[in-house]
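Worksheet for the structure shown next.
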Amino acid sequence: MSFFNLDRFRFQRDNAVGIHRKSPDGSNSDKENKQAHQRKADGQFPSGKTSRQVLEDVSSDDEVVRMGKDSASDLQQHINKDMEDKIIKLLEIFPQKSKKDLLEVIENTSTLDGAVAHCLMIYGDEDSGGRKDKGGRSDDDDQPKKKRKIQRSDSSESEDEDSEDEESEEPSREKQEALLKKLKRKLPDIEKEVLRDILKEHDWDYENALGSLLVFSSTDTSSPENQKSKQKSKSSHSKEKTDKITQRPSGSSSLSRWLTAASSHVPEVSSMSALKTQKSALSKSTSKNSSFKRKRGDEMPLNDVSASEDEDEIDSDVDSMSDDQDSEDEDSISGTLQDKIIQFLQDASLDELALISGCSIKKAQKIISLRPFNTWKDVKEQFFKDNGLSIDLVHGCKVVLKERQVVLDLMGRCEKIAQKMTKDVTQVIEAGMGSIKQPKVLNSNLKLQAYQLIGLKWLILLHQHKLSGILADEMGLGKTIQAIAFLAHLYEKGIKGPHLITVPSSTLDNWVRELGLWCPSLKVLIYYGSVEDRKYLRQDILTGLIDFNIIVSTYNLTIGNDHDRSLFRKLKLKYAVFDEGHMLKNMNSLRYRHLMTINAEHRLLLTGTPLQNNLLELMSLLNFIMPSMFSSSTSQISKMFSTRSSEEESSFHKDRIAQARLIMKPFILRRVKSEVLKELPPKMEKIEMCPMSDAQHKLYDILFKRLKKTPNGDKRELCNVMMQLRKMANHPLLHRQYYTSDKLAAMSKAMLKEPTHYDADPALIQEDMEVMSDFELHNLCREYSSISGFQLEKALILDSGKFALLTKTLAKLKEKGDRVVLFSQFTMMLDIVEILLKHLDHQYVRLDGSTPMAERIGLIDKYNTNPEIFVFLLSTRAGGQGINLASANTVILHDIDCNPFNDKQAEDRCHRMGQTRTVQVIKLISKDSIEDCMLRVGQEKLKLEQDMTTDEGEDGAITEQMAELLKVSLGL
């Protein structure tokens, strides 16, 4: 933290009162926060020691005056009506303190606000505890609402402070965010980055940071008495202030000197405006060194709405929403705001009510049960009654409404940009090819399709407006080629990079190949390899030893560790291209936050997955491609729309979804194959209902009845139930049925004959075996000769309803000369399918998540060039993206995915450009099983075009939403 920032709230004193403190050279902020030893002018210590350091308000008209014993006569002259008014006010706020204590505080401060801040710092922890004890008293209502709320919040603050002291280290990220939000609620007019810096300067001590800010803004008008006090004291202190300014030590910060000079020239300026001015200066200084800030001028040239105008727009309707603790009573709420609160309480959904601070689900349900709220009187009657609801909830509505206003304002700004773009984009789409030509640096032997040229022109148009975008063409329409053509166009125009292309691991080789094939002029660097290899690569990149235009890397390596992330923060990129951009739909994910730090002027997202009707995901994508627009408001967006309501969405949510989709229209280009590829052969889908074998059916029924008896309140447990049923529906060997406990006991004893296990404990061996499936135990028996006699018979391995149908289907397809791509969710299922294919004497190749990257492109080429290979086995997640297998014309989905769009991606490995035959998609569904229910739910989701992608989920992961739907379907 720069000393420029630290000096902002550092205690300073004129030469008459010395402060003995170490120079702020070290980073130990604990030492800075310790009490400063003070001496009077004669060198003696004062008798009354202060428990905390008093902070000076350099921007206010009143200076802090410490009075010693030898100035007692002067003190008597100052005890007048103003001081009595101050004591009365302080007694109202701190009734548990004696008049003597409060008088001492007033003597040590010159303003009422300064005295309040001083009391909060000294007595805050004591007061909060006392206030909690008084919560049940009826006379508590006699206290001002403002003060009660402050005391209650101080309680939680003291708990946070205590926990930090115990840890004696920087708090966790979650705790930091919580403290930041709490401070933001107290001071909504100050930017978060400024508040974060101040918290850091105070070692994340909330109370000290708040006290510093309160003292700094002590001239904020909170009461008429304070105004009178200011007017009376201004003249008496003006001369003293001038003297102190001239005597200020030269070692004070430039910011402090500037503020002091400014306050002397403009005595009437309010402290909040001074604070805003200082905040602006501080923001400018910190933003210069911040690698996370985007270049606003480069990123958003169309955004001609100034930040100050935006703030005025937000504040015009919601000035009274600003969480001002000085107006925490019902009389202070304006008529317009009352109407908005009534409307919110009347229309908000359960989840939206739960966003109110202190509003639990039970309270939200209570509010809904008390509807309708037609007038402000209705609200006051219900929230003042002794029915478990507090008037604080009504004031909490103001915060939620303000956050809504932030979102509305952001979307309004985006809409202005969208309107300017829509006309140009429409002209490009309607004009068709026109004068659009393929870049000359592209391979002359390869030609772009007409719709690909339109996509290229659209990308060029975005670039001319200095905007980012999302190319969302359906899978198989050549998004990769369009992106390469665009980078080639930039190369022709003299923009030679560097660019970054981030892709899934399975498509890395394909991207490198397509770049070399379509545009050999581009110099491509593959950022890949071990930690040591990447270390030397980074050095060569940063020192300029390697000449390149494009870096191609994977998601895992781009943000793999601190050094990888540091490289792409330091490297000034022109374009960052993200393949499979739907991975960036959640702004709360760690991957999203890391990728946001990549230092690129523009971003281009490629995705074949349609956008979900989920506002958080839409806003996440908007935020990613236009970070300068959203950087300061992501927390409000995330909070407002991260919850998924089980009930019908509110009208506010629906309206924002409609608005977001309208805004995103010019930034997203999506075409489907049926529209642009008239010559592409059709795709036929066939669902094969496979009756389970007799043994499999019995085992499934036993498992279903057992799972149905178990408690299913926990959604995670419910997801596990679904997974167990899915595994049994696919193959019995995915569970442990045939290897009984007695058989495992015999096997564990036999294992002692192995040289590797001669001194092992049979009980521990058996314990390890009990968690394995039948097929895993079968493979174990094949590995160790001592237990080879326990192997399963081949008839048991092939005993599956799907295998019976698959045997017949493969024979027919092979006879017709068709070639097959077979997908499964489970790699273990692929292991069992391999045994079936060997048994049926079918040639095959296999690719899954464990296949080394270097071998993947070779396997794809081997299958595409060798027609003798009949089947390509693929795991749905690893092989379902970015792979071209147009040489096959039949797709078999052995087991369907929870997300139907993953299956659609898998199907499009064959149904894509270059396909000359009708593509047949066969889905194998176990009859009367969990898969039957999954199919119905998936079909409904496809109709709604709602993608159920789980962020960084494991293979076969089931979303909670899917689990709930299946729970109803199965009657669990």
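Just so you know, glycine gets a Cβ as well, placed from its N, Cα and C.
Look at Swiss-Prot and you will find 22-42 (among others) tagged as compositional bias 'Basic and acidic residues'.
According to Swiss-Prot, the feature compositional bias 'Basic and acidic residues' maps to 63-72 (among others).
Per Swiss-Prot, the feature domain 'CUE 1' maps to 82-127; the stated evidence is sequence analysis.
Summarising the annotation, Swiss-Prot assigns compositional bias 'Basic and acidic residues' to 128-138 (among others).
Here Swiss-Prot flags 156-169 (among others) as compositional bias 'Acidic residues'.
According to DSSP, the secondary structure content of the domain 'CUE 2' (175-218) in residues is 33 helix, 0 strand, 11 coil. Per Swiss-Prot, domain 'CUE 2' is recorded for 175-218, and the stated evidence type is sequence analysis.
Taken from Swiss-Prot, the feature compositional bias 'Basic and acidic residues' applies to 237-246 (among others).
Look at Swiss-Prot and you will find 307-332 (among others) tagged as compositional bias 'Acidic residues'.
As annotated by Swiss-Prot, domain 'Helicase ATP-binding' applies to 460-628, with the evidence given as sequence analysis.
The annotation ATP binding site is assigned in Swiss-Prot to ASP473, GLU474, MET475, GLY476, LEU477, GLY478, LYS479, THR480. Taking Cβ-Cβ distances under 8 Å and a sequence gap of 6 or more within the same chain, the neighbours of MET475 (ATP binding site) are GLY608, LYS904, GLN905, ASP908, ARG912.
The domain 'Helicase C-terminal' feature in Swiss-Prot is assigned to 805-966; the stated evidence is sequence analysis.
Local packing around the binding-site residues GLY476, GLY478 was summarised as the count of other Cβ atoms within 10 Å of each Cβ; on this measure the leading residue is GLY476. For the domain 'CUE 1' (82-127), residue counts in helix, strand and coil come to 38 helix, 0 strand, 8 coil, using DSSP. The ATP site is set by ASP473, GLU474, MET475, GLY476, LEU477, GLY478, LYS479, THR480; from the centre of their CB atoms, other residues of the chain with a CB within 8 Å are GLY608, ARG912, MET913.
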